[in-house]
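To start, the structure under review is shown below, and the notes come after it.
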Amino acid sequence: MKITTWNVNGFRAVLRKNAFEWIPDVDPDVLCFQEIKATLDQISAEEAIIEPYEGIWNPAERKGYSGTATYYKNKPLSHEKGFGIEHFDIEGRVIRLKYPDFYLYNIYFPNGGEGNKRVPYKLEFYEAFLEICDDLHAQGENIIITGDFNTAHQEIDLANPKQNEKNTGFLPEERVWIDRYLEHGFKDAYRELYPEEEKYTWWTYRFNSRERDIGWRLDYYLVSDALMDRVEDVVIHSDIMGSDHCPVSLILKE
DNA sequence: CGTAATACG
């Protein structure tokens, strides 16, 4: 089974750029998109279709902002949008699919904002979601979390760690939440397999950053400890264009 | 700089 995550930074922008063309080549079983920045009524029915997938959209209430969509080949046992907490759910950040062996969460974690204004909301979101994961783990369930975490975990996860210690995305109080997830029964699948690799998944559109590879690793797969032996590979598709993020795939053994 | 609506990342 192959799962691919991609922060599209505007579903309509990706359509305009014809930038979904890589999908048949990568051929994921599930596609997790973040920052769709659209509702279904802003595009045609045809534009929402990605063959041969079926899609679930969870847009934010606010126009042109945030939002997630998950496309799958094989129908999950069930699916839910949000986590039942109003002030988080209105931003369309969460879609959960239930498969026989695990829950798959597609999540667009909050950005800390200009002047770190939204860091408190972001930290609350990490906290609330970890509690949900704790409950599921306590029930013996396995979980795969993927999406844009909006935080680089360690110095190895961004090109310029020193100069970003006071910027959202690399604040100590944000990074410690990734530590907490790992302490609560998750593995960072990419880092487990590639402890020394310096590869990024996001580059600002400014300053020619992508060409110069001045980036951050913000898009992760956190998998329950018990699932780690089923992880065959994690692939960062650095060459796939169309957004300021690149797609990342998780390949699971059956 | 880019996406999208006048803010946000």
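Residue positions begin at 1 at the first shown residue.
Cβ atoms here come from the backbone N, Cα and C positions, even for glycine.
These features come from TrEMBL:
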type	residues	note
DOMAIN	A:5-245	domain 'Endonuclease/exonuclease/phosphatase'
BINDING	A:ASN7, A:GLU35, A:ASP148, A:ASN150, A:ASP244, A:HIS245	Mg(2+) binding site
ACT_SITE	A:TYR108	active site
ACT_SITE	A:ASP148	active site, proton donor/acceptor
SITE	A:ASN150	site 'Transition state stabilizer'
SITE	A:ASP219	site 'Important for catalytic activity'
SITE	A:HIS245	site 'Interaction with DNA substrate'
ACT_SITE	A:HIS245	active site, proton acceptor
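The Mg(2+) site, placed at the center of the C-beta atoms of A:ASN7, A:GLU35, A:ASP148, A:ASN150, A:ASP244, A:HIS245, has further neighbours from the same chain whose C-beta lies within 8 angstroms: A:ASN9, A:GLN34, A:TYR108, A:TRP202, A:LEU218, A:ASP219, A:SER243. Cβ-based neighbour count (10 Å, all protein chains) for A:ASP219 (site 'Important for catalytic activity') stands at 24. DSSP assigns A:ASP148 (Mg(2+) binding site) to a strand.
With the fewest other Cβ atoms inside 10 Å of its Cβ, the least crowded of the binding-site residues A:GLU35, A:ASP148, A:ASP244 in this structure is A:ASP244.
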